[in-house]
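K.L.:
Input: one structure, supplied below.
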Amino acid sequence: MNSTISNLLDLGNQKFSPKGKVYYQLSVPELIEHALINREGSLTINGALAADTGKFTGRSPRDRYIVYDDETKNTIWWGDINQALDVKYYKMLLDKMCQYMEKINLYIRDGYVCADERHRLTLKVITESAYQNIFANNLFLRPNNNERFLSIDWTIIAIPSFEANPTTDGVNNPNFVIINFVEKTVLIGGTGYTGEIKKSIFSVLNYILPKEKGVLSMHCSANVGKKRGDTALFFGLSGTGKTTLSADEQRMLVGDDEHGWDHNGIFNFEGGCYAKCVGLEAKQEPQIFNAIKFGTLLENICLLEGTRIPDYNNISKTENTRAAYPASFIEGALEPAVALHPQHIFFLTADAFGVLPPISKLTVEQAMYHFISGYTAKVAGTEAGVNEPVATFSACFGKAFLPLRPGKYAAILGEKLQDHAAKVWLVNTGWIGGAYGVGKRISLHYTRNLIKAALEGDLDQVMYQKHLIFGLSYPTICPGVPSEVLSPRDSWEDKDAYFIQANKLAEAFVANFKQYEKGVSAEVMAAAPKKIDYRKGVVS
Ligand code: ATP
Ligand code: MN
């Protein structure tokens, strides 16, 4: 490790001579005081700290790099997702950052990831702002009784006001995230969005765990039944419902975003949740609503004018408003956050085309096909007139965080599905009754009932129907959900329009999957959707 940095970590060394103050492992109340004095945010009526993250209110995946060196050159899946950065630029930026850091106040926090001790990595997070430090405290696992770690595995330096010079520093923009697997360091500059802190370490775990230990790392949430002790995983891209659906009063939360699966079972990587707040209501999402209290960090939310009451409907700063809180703020969260092998796996997709059934049961081959595809849809912008959704495919439901080729993760998942006979379900948390603009998003109430029915075996004995294009088996009856909602074709008024839309989506699946065909068996390929020649009246 670079000597300047290691000196900084020992605090009190001569070479790194901070002119500012260095605050080590402050308690959350102290950090809140600092945040208020630093004018990073304000206290809300529920006791949470509301801070703004600055210019960036979301991650910037195009500005994330991995240092190209002997460790990474032959192992990383290089390309758009994992952009290579020459080690000389890393060194230059680290030096510049260290010089810059000498002049400012710093907050340092030690924590760790992986609730299963055998996989634990200790972290040192160095931040410029107090709110970032609260984030690190809430999202990572916290040392017991302020125990000091004997050694630190990974160091994360996050300095939003430090910007790179794209003309000299080898990066494309002033903001950057750089992962160095040899030095075990992450450098974050030019952005104050805290999601970069957690997702960079997620990327690190997505490299180390599968590669070195054969452990599957997963972009999913997890919970466990109170009575049955049955574990469920919820995979899905951003906004599909991982955090929302894992917070279930009937079940115990394991974690809302990142987990590992080894030969013993599953474990959370993190120690907290990062929940979207847009449209948050106590009635719909009581657990998340109640987790927003003293100690929680709210990001980029607006307050009702003249009050300290958060207005979750106001998304004028960003739609990506967030609450970061320790998992223990969710009532009944498991501690430690480890659980048995999953019995149910849900792939969540927010299909804004309204094509996929609200729930379908997948064969192992279909599960592999949909895992590799990683489909969801984004609603493009909110401007008037722009209401055509865009299909998004992100391998393993988390392509942006995969340093290794998707086939690596898919292969481990395939083995685990065979070994543990988990049931896999595809759940469309998106549109029914028509595409975005015509239909509407399926209610959270129905989605919860569908998941409950799957978990309780209520979908085991009912009749299923096979989707003509996607080949998916979907139940025709489900307690607490009207039957016409279960069949997308039935829920659309215009049946012709339904098949045209479904064919289009099938085409998009097939086009996306071309890149993965080589490494995939004929059985998995057979799970691809097939367009049908639909003319009025031909298919009833
Ligand atoms: P990220 O990876 O960005 O954290 P996520 O998968 O955790 O995303 P959530 O935070 O759970 O996604 O977001 C789902 C959003 O969609 C929430 O705002 C939730 O209220 C809303 N929503 C509306 N209808 C549904 C539904 N039927 N199922 C799930 N979520 C729904
Ligand atoms: Mn989430």
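Even glycines carry a Cβ here, placed using N, Cα and C.
Nobody curates TrEMBL annotations by hand; they come from automatic prediction.
Computed from a predicted structure; not experimentally measured.
Take a look at what TrEMBL says about it:
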- Arg59, Tyr193, Lys199, Arg322: substrate binding site (BINDING)
- Lys199, His219, 236-244, Glu285, Arg322, 441-442, Thr447: ATP binding site (BINDING)
- Lys199, His219, Asp257: Mn(2+) binding site (BINDING)
K.L.:
Name the secondary structure element type, per DSSP in three states, that contains Gly236 (ATP binding site).
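P.N.:
DSSP assigns Gly236 (ATP binding site) to strand.
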K.L.:
Based on a Cβ-to-ligand 1 distance below 6 Å, what subset of the binding-site residues Arg59, Tyr193, Lys199, His219, Thr244, Arg322 would you report?
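P.N.:
Checked binding-site residues vs ligand 1; flagged Thr244.
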K.L.:
Determine, from DSSP, whether Asp257 (Mn(2+) binding site) sits in helix, strand or coil.
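P.N.:
It is coil.
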K.L.:
Rank the binding-site residues Arg59, Lys199, His219, Lys242, Arg322 by the number of other Cβ atoms within 10 Å of each Cβ and report the first-ranked residue.
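P.N.:
Its Cβ has the most other Cβ atoms within 10 Å: Lys242.
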K.L.:
What Cα-Cα separation, expressed in whole Å, is found between Gly236 (ATP binding site) and Arg59 (substrate binding site)?
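P.N.:
Rounded to a whole number, the Cα-Cα distance is 17 Å.
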K.L.:
Tell me which binding-site residues (Gly236, Ser238, Lys242, Asp257, Ile442) have a Cβ under 6 A from ligand 2; sequence order is fine.
P.N.:
Lys242, Asp257
K.L.:
Which has the fewest other CB atoms in a 10 Å radius around its CB: Ser238, Thr240, Thr244, the listed binding-site residues?
P.N.:
Ser238
K.L.:
Measuring Cα to Cα, tell me the gap between Ile442 (ATP binding site) and Asp257 (Mn(2+) binding site) in whole angstrom.
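P.N.:
Spelling it out, the Cα of Ile442 (ATP binding site) and the Cα of Asp257 (Mn(2+) binding site) are 22 Å apart.
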K.L.:
On a C-alpha basis, identify the one among Tyr193, Asp257, Arg322 that is nearest to Ser238 (ATP binding site); the candidates are the binding-site residues.
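P.N.:
Comparing Cα positions, the closest of these binding-site residues turns out to be Asp257.
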K.L.:
Compare the C-alpha of His219 (Mn(2+) binding site) with the C-alpha of each of the binding-site residues Arg59, Lys199, Arg322, and give the closest one.
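P.N.:
For His219 (Mn(2+) binding site), the spatially nearest of the binding-site residues is Lys199.
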